[in-house]
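Per TrEMBL, these features apply:
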- A:1-21: signal peptide (SIGNAL)
- A:253-274: transmembrane segment (TRANSMEM)
- A:281-300: transmembrane segment (TRANSMEM)
- A:306-326: transmembrane segment (TRANSMEM)
- A:338-360: transmembrane segment (TRANSMEM)
- A:390-407: transmembrane segment (TRANSMEM)
- A:439-459: transmembrane segment (TRANSMEM)
- A:471-493: transmembrane segment (TRANSMEM)
- A:505-525: transmembrane segment (TRANSMEM)
Amino acid sequence: MIRPLILGWLFAVAVATGASAQSPGRAELIAGLCGNAAATGDAGNRILASAGQPDAAELPWMETVTSALLDRQLKCAADPGQTVVDGGGAVRNAVTLEPASAPDQPKVPVLNLKNRAVFELAQSALRLRVGATPSVRRQALTALGRKAASVPVEVFEQAAAGESDAGLKAEIESTAQISALNSPDIAKRIAAVERLASTPNRRVQTQIAALLADPAYKSDQKFRLAVDAALIKVGQGILLGDVLSTLYNGLSFASILFMAAIGLSVIFGLMGVINLAQGELIMIGAYVTWLTQEALKSIAPGLADYYLFIAVVPAFLVTAGIGVLLEATILRHLYKRPLMSLLATWAISLFLINLVRVSFGTQNLQFLTPFYISGGVPVVGDFIVTWNRLFAIAFAAITLALTWFVVNRTGLGLNIRAVTQNRDMAGCIGIPTRKIDMMAFGLGSGLAGLAGLSLSPIYNVNPQMGGNFIIDSFMVVVLGGVGTIGGTLVAALGVGQVNVLIEPLWGAVAAKVIVLFLIIAFLQWRPEGLFTAKGRRR
Amino acid sequence: MSGGTALVIDGLEVEFGRFRAVDNLSLAIDYGEVRALIGPNGAGKSTVLNVVAGVTPAKAGRIVLDDTDLIGLSEAQIARKGVRRKFQKPSVFEVLTVRENIELGLGVPVAKAPSGRIDEVLAMVNLTELADRPAGTLAHGQKQWLEIGMVLASDPKILMLDEPVAGLTDEERQRTAALIRALRRPDRAIVVVEHDMGFVEEIADKVTVLHEGRTLFEGPMSRVREDARVIEVYLGR
C-alpha cells in the first residue's frame, strides 16, 4: 500500500518540478509586469527580445499576458502566482492560464506612454509569430513595419521561416531588411544595406540615407563603403525608374490621344468634314460599354468582369451605325459647304449630349474595375506598370494594327485611299464614292466608339466628357497631317510625351497651353502637318 | 455587238452659267473604231467627255450606251456600265503603288477579277518593273500610261482618252500610238481628244472636228485636211 503512495508522491513532485521549471520564468515576468515602471519596461523588452526565439512554445502565453496588460485585464496580486487574467469571459491564473478566482483588492497596472509603445511592439511581434490567421499576422506586420528598426531582426527571420502564406512571407522578408539595418551585427547590417539597394525606390533611399548619421558610418569603413555604394545604386535605380515612368505615362496618354484622334483622322482626311460630334461619339461608345456591363451583370454575372472585351463589338457597331445615319441623313447634303457641316456637326453634338443627359442623367457612370486592370507590377525604382494604363496602351496598339490593316490591306481601304486622293478620278473608274463616304464615316465613328470603351476605366464617363477630347484630337490630327495613320500616331506620341514632360515642371494647365503654342508654331512652319498624303486636295 | 453603234450622243447641250459649252451636239460612235475629237481650245471636246462620264451634268439631250440612257446616272454607275475615261492631267493616285492603281481600275475586288489581269495590264502599258513603286514617283509619260492602264483594267466598252500624249517625248508618243492601236477591238469604242494632228492621223479611223460646241466636220482623217471650214477655224491658224 505504501509503495504506490510513495510512487504517487514522487510522480506528483516530478510533475510539480516540471511545471515549476517554466513557472519561475513566467512568474518572474508577471512580477515584472506588475512592478514599477522600470520593472515593467524591462519585462516588455524581454518579451520583445524573446519574440525572436526559434522555439515558439512559450509565445502564445506571452501574447496572452501582453494583450491582457495592454487591455487592462491583468489583475495583480501581491504574489505573482495569484495574479489573474480577467477577460474574455473568464478569470484565469496569469501563470498557468488555468481557471482561478480573482484575488482580493487586485492592482491593475497602468502603462506609461513609453512602456505602452514597447508592449504594443511586443504584442505585434508575438502576433506576427503566432497569430491564428494570416489577416491577424498581416495586421501585426503593418504595425511592426512602422517601427521595423526597433524590432529584433530575428522576429522577422523566424516569422518568415514559419509563415505559410507566400505573399505575407515576401512582405515579412522585405520588412526584415529594414530591421536588419539596425541589427547590432555589422555584417548583417551590410548585408541588409546591399539587399535593400537591390530594390531601389524612394523609401529605401530615405532609409539608407538615415544611416549616414549612424555612428557606425563614421567608425566602420566597410559599413561606410557599403552605404555609399548602396546610395549610388539606389539613386541610379530611382532615376531609371523615373525616366521609364515618364515614358510610360507619356505612352499611355499618347494611346488615349491616338484612340480619340484616329477616327477623326479618317473622317477629316476623307471628306474634309470637321466633325465636331466626334467627342460625343466617344461618349456614346463609353455609354454602350456601360450598358454592356449592366446587361452582363443581370444576364451573366460571371462574365461581368470581361465587359471591356465583350463591349468591343457593340461599342463599335452602335457608334458606326450612328455615324452612317448622320452621314446619310445630314452630312451628305453639306459636303460642298464646310461651314454648314461644321455647324451641323456641332448641333448634332449638342443634341447627342442632351439626349444622353435626358435618358441617363448627368452623373458619372460607375464602372466595375475588373481584376485584370487593377494593380500593377513594380519594375524598377518607383516605376510601376499599372494594368489599367497597359490595357489602354495595348488596346490602342491593336486598334492601330487593325485600322492600318483595313486601310492598307483591304478593298474598302484601297477605295477609301483613292477617294481621299482624288474623288473625281475615283468616281470615273467606278468607285462608288458616296457609298465609300458613308462607310468611311461609319469606320471613323466606330473607332470613336472604341476610344470611348478604352477610356471608360480611366476617365470619368458623363454626357459632357466628349468636349475634353475634341480639342486634343484635332490638335493631333492637324499636327500629324490629315488622313495619315502614321502621322496621327507620331503626333499622338509627341503631344503625349511633351505633355507628360512639362506637367511635373509647370502643371497640367501650363502643359496644355505650351503644347498648343508649340503646335501653332509648328504649323506656321509646316502648315500641312508632319506627314501628308500627296495628291490633289479640294 | 461588233460593228454596231456603241455610243449615241443626241442633241446634247451643256451650259456653264451663260456660256454654252456644247450646243445641240449629236454624235454616233461605233464599236471597233478609234474616234478622234479635235478642235480649237474651248470647242467643248473635254466637256463632251465629262458629260459622258457623268462628271458634268447636261442641260438637255440624251447619251445612250447600247440601250441605256446615261444621263442622270452617277459617275460610278456610268463607270460600271463600261465607260472609262482618262483625264487630261494625269490623275493617278500618287501615294498608291502602280499595282494598287491598276487594282482600283479593275472596278471589282481583285478576287473577282480574271486572274493575272493586273499583270496583263501592267505588261500592256509597259510598267511591270515599276509595279511596286508609288505612282507619285513615276515620270510624266509613265503616269500617262499608268492612267491608260487604270481605265483599261476593267476591259471597258467605251474608252475615252483626254490628250494621252500631252507633254510626251516623240518616242513616248510613238509607243502610246502603238498602244492605242493595240487596244482597238471589235467590241470596244475608243474616243481620243487630242491637239496633236500627227498623232491623230496615226491612230484615228474617223475624226470629229468640234467648233464652239458644234460639229464642224466628221469623216476620215484624210479628208479633214481638205475641208475649207476646218482649215479656216483650226488648221489654218
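Cβ coordinates are placed from backbone N, Cα and C, and glycine is handled just like the others.
Curation plays no part in TrEMBL annotations; they are all automatic predictions.
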Inset, instruction - For the transmembrane segment (A:471-493) and the transmembrane segment (A:439-459), decide whether they are in contact, meaning at least 3 CB pairs lie under 8 A, counting pairs 6 or more apart in sequence. - result: no
Legend entry - Contact set, same chain, for the transmembrane segment (A:439-459): CB under 8 Å, 6 or more residues outside the stretch: 255-256, 259-260, 262-267, 270-271, 275, 278, 281-290, 308, 311-312, 315-324, 326-327, 331, 365, 367, 369, 373, 388-389, 391-392, 395-396, 399, 403, 406, 412, 416, 419, 465, 468-469
Legend entry - Top partner of the transmembrane segment (A:253-274) among A:281-300, A:306-326, A:338-360, A:390-407, A:505-525 - counted as Cβ pairs under 8 Å: A:390-407
